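Report on the following structure.
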Amino acid sequence: MAMLVLALLPLLAASASAAGGCAADASLSSPNGNAYAACSDLPRLGATVHWTYDRAAGSLSVAFVAAPAAPGGWVAWGLNPYGEGMAGAQALLAAPSSSSGAWAVRTYNISGYALGAPGPIAFPATGLAAEMGTDGRVRVSGTLSVGQGASVLNQVWQVGSAVSVDGVPAPHAMGGDNLAAKAKLDLVRQTSTSSDSGGSGLARERNIHGVLNAVSWGLLLPMGAIFARYLKTFRSADPAWFYLHVTCQIIGYAVGVAGWATGINLGNASNGVTYGLHRSIGIAVFALATLQVIIYLTNTSQIQIELDRTDAKFRSNLNGVQAFALFLRPRKDHKCRVYWNVYHHSVGYAVIILGILNIFKGMAILGVEQRWRTAYVAAVWVLGAVAVTLEAVTWSVVIRRREAEQHGKTFHGAA
């Protein structure tokens, strides 16, 4: 029995080394040559973090160990002083050189959900190094100045599958483990605990925010505009075109309000992380769309009013409401209707254009996978192709109709 155990020991050691973890990395040492004070097997992506916190110096010596998602890929680890997740993370990213294959570490101050360019980070870093082990895992080490009062820090980590010839890391996968690769690093208790073992709540909310806005401002509202512009040319489609137009706009607006509300909530939950242009465009789109809805509802209320009361004061107030509604949306035969049409169409198209632009801006912030970008671009192209085709068809119908009307006038004039 003893001989069997002795025979199995090398196999067990090799298995532990292949699997990675704190036991396999016991030989790792900090820059001063001593073993790291603490180690934790991180709950996602098979990663491990070793660290020693020097409270007097306010320095954190760290070694992060993980395997890239594919040969030639990259690994990254960072601290987020602003909240959980990627946005706001101060990251160390290790990647191989496209020419020599040597591993190097670069620092990233990640302000959004795209990596951005390398640059200084909030925690001054020294002694950065990276190397590939025989087990296929990369060891990233260095010392960060985190301050003397540090206790519990938000840590994030990630792995990617490729690096471009220019040294730009390709976006990581968006699987459950990737989205949930974050934890708390307790420097006092020397522990690391998952901050969201069930997945990233904020990540889910960001995805919901993106989907709601893409469907509303980016698809339903353009569809409603197509119904209004082209179907009303065909007399047989009246008033069906109007109901289709209003249905798309109201549903689109309701879904858009939900998407806008999730965006506001995300902003409140992401302290220190702001996206000024994305936020400003979103507010402008919401405000303009709300104005369109208010005008429609005011006009509808004016149409539904019945004068079934006789007292003069009520009639006076009611006439004021009607006048206001007519001011907001004049009747078709009113001399100001042409100006209202210019306003209504201009604001409507502005909402659609700004909405689509902001959707692409949001995709860039979230670092959306290319397949989803391609799918949305394809949907926009389909809507554009339909609009161009109907533009040609409706102009043809209008020209023939005018020619027929002109021919009829000439015939009756001659008679």
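Even glycines carry a Cβ here, placed using N, Cα and C.
Look at TrEMBL and you will find His209, His245, His278, His344 tagged as heme b binding site. Taken from TrEMBL, the feature domain 'DOMON' applies to 45-160. Summarising the annotation, TrEMBL assigns domain 'Cytochrome b561' to 170-399. Positions annotated as signal peptide by TrEMBL: 1-18. Marked as transmembrane segment by TrEMBL: 210-228, 240-261, 281-299, 347-368, 374-399.
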Ranked first among 210-228, 240-261, 347-368 for CB pairs under 8 angstroms with the transmembrane segment (281-299): 347-368
The domain 'Cytochrome b561' (170-399) [mean pLDDT, rounded to integer]: 78
Tertiary neighbours of His209 (heme b binding site) (same chain, Cβ under 8 Å, six or more apart): Gly259, Thr262, Gly263, Leu266, Gly362
Protein Cβ atoms within 10 Å of His344 (heme b binding site), excluding its own: 16
Maximum Cβ pairs under 8 Å to the transmembrane segment (374-399) - stretch from the list 210-228, 240-261, 347-368: 210-228
Nonlocal neighbours by CB distance (under 8 Å) for His278 (heme b binding site), same chain, sequence gap 6 or more: Asn358, Lys361, Gly362, Ile365
Structural state census, the domain 'DOMON' (45-160) (DSSP three-state): 0 helix, 61 strand, 55 coil
Same chain, 6+ residues apart, C-beta under 8 Å of the C-beta of His245 (heme b binding site), given in sequence order: Gly224, Ala225, Phe227, Ala228, Leu231
